[in-house]
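Among the features that TrEMBL reports, ATP binding site is placed at Glu22, Lys62, Asn137, Ser138, Gly139, Lys140, Thr141, Thr142. Look at TrEMBL and you will find 17-106 tagged as domain 'Clp1 N-terminal'. Taken from TrEMBL, the feature domain 'Clp1 P-loop' applies to 134-347. As annotated by TrEMBL, domain 'Clp1 C-terminal' applies to 370-492. Marked as region 'Disordered' by TrEMBL: 108-127.
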Amino acid sequence: MSVASDTGRSNTREWALGPETEYRFELDSGTSLAIRVLKGHAEVFGAELADGKYYLFGHECKAAVFTWQGCTIEMRTPSTEYVSDETPMNAYANVHLALEKMRVRALSTHRGSPLPSGPEQDVDPEPPRVLVLGPENSGKTTVCKILTNYAVRAGQGWSPMYVNTNPSEGGWTVPGTVSAVPVTAPLGTASPANPLGSAATSAPSILSSNALLPLVYWYGHPEIKRNPLLMDRLIRILGENVTERLEGDSDGRASGVIVDTPSSFASSPSSTSTPDHRQTLIRACVDAFRINVILVVGHEKLNVEMKRTYGNRMTVVKIPKSGGVVELDVQYRQRIHAQQLHTYFYGQTIAPPRGLSASAIGDADFDGHLAPSSSVIPFGELTFLRIGEKSMAPSSALPIGATRTVNEMQPITLDPTSPGSGLLNAIIALLALPTHPEETERYDEEVLDLPVSGFLAITNMDLPNRKLTILSPSPGTFTGRTAVMGSFEWSEP
Ligand SMILES: Nc1ncnc2c1ncn2[C@@H]1O[C@H](COP(=O)(O)OP(=O)(O)OP(=O)(O)O)[C@@H](O)[C@H]1O
């Protein structure tokens, strides 16, 4: 049972939540919410809330506070809110237990310890490498977060590798990327601008104890159909790097891999002229991350299709979609992209709701302010590239017999002096330096395989003096570096 009561203090309310219920909320633009647990235990998408500590939510965050045994929570300035006792948490917890068993067996084998007894005694123990698929707004990212957070909280020292292959979601950096990171502490949910918590690259030092250093590749666009070939290549290169990293780390390997995917992997794009690349991209993920478990969130047809394609060599399980998942529309997603870009450069700041002072919050949550650096550099200091043509029809849409002069993966050097360069206000990815210096001059397709060391925004172009102004998270020199443009634009808020 859930009971709300007014505490008498302005804009403060208490909710008593019954066992296995969740308090769901949606924040309007410009509002924030502070929640603390007064009694019992509660969690947000698998991350436990410490007793008595205020947790701030902002930037149109939509989330839920779930409790297994019941609890009392207090909140300030609630907006859209309701309590539900119909959640899929039991099903998700069962999946977690099954994955946990796989981890324990994989680690025991590696350490040469006897395997825990059970019917799987004869099966070669492999850690869980999980691919999460589902249609738009099915809650895939939330499932990935819950499973990752439960693994981290299991007290076994697991550090599951979280892989984000959804370029529409910023993950730890900016939208337009694919990334991976071994997670060692529960992933928070304060703002959709940081859907997986903060990363070390842009997090202030006060958060660094919890900071993550993701491996990031730049795709450059929010939609997969823009350049599926590039996406395929990035997934494979990310997979190679993840596998390489885990080879030397047996405990990390036993923790397994959890891969979040874009919704376009689950449903064909509506345009009839666009070839259906989803099967190819699902296969790219399966191969790249050596997937052995596929979770399909609430989609019977996809579940059947996956069982038919992969059922003979791995576990394919359909899991229920939560009734709490919010339908996010295109405008919301665009606002969040802008917010994510802003957060990357300026940090995350959530103003506490009215009536709650900064000292009551008592930590960095409410002010993760960063100071980016703006510098003026000559045109020649950076080499600018774009991958493929600006607007490119898929190969299948070309007239029969026609071949294109520029392919989807060809890096094209951009001339900042040319009026159509599109560089003004572009978000650009600064590529990591090649490990072999003799490769610095290569602008062939291999440049695509370089990870990103950071992102920049071009805020001004001075054509007469051949200079541009660049916003970067921290001061630095860019001489001789290569930067790749995508389709994201910077706008000062
Ligand atoms: N139980 C819940 N209660 C309230 N909000 C929720 C709940 N579960 C998920 N949400 C919210 O619903 C939104 C969509 O969820 P999520 O991002 O997990 O879906 P998705 O399937 O990964 O989305 P996409 O279509 O971008 O692939 C998010 O804002 C998330 O925080």
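Glycine residues also receive a Cβ, built from the backbone N, Cα and C atoms like all the rest.
Since we're looking at a predicted model, the values are computed, not measured.
Everything TrEMBL records as a feature, shown here on the structure.
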{"residue": "Glu22", "record": "ATP binding site", "DSSP (3 states)": "strand"}
{"residue": "Lys62", "record": "ATP binding site", "DSSP (3 states)": "strand"}
{"residue": "Asn137", "record": "ATP binding site", "DSSP (3 states)": "coil"}
{"residue": "Thr142", "record": "ATP binding site", "DSSP (3 states)": "helix"}
Binding-site residues compared (Lys62, Lys140) - the one with the fewest other Cβ atoms within 10 Å: Lys62
The one of Thr141, Thr142 whose CB sees the fewest other CB atoms within 10 Å, among these binding-site residues: Thr141
Average pLDDT across the domain 'Clp1 C-terminal' (370-492), rounded to a whole number: 81
Greatest inter-residue Cα distance in Å for the ATP-binding set Glu22, Lys62, Asn137, Ser138, Gly139, Lys140, Thr141, Thr142: 19
Which of Asn137, Ser138, all binding-site residues, has a Cβ with the fewest other Cβ atoms inside 10 Å: Asn137
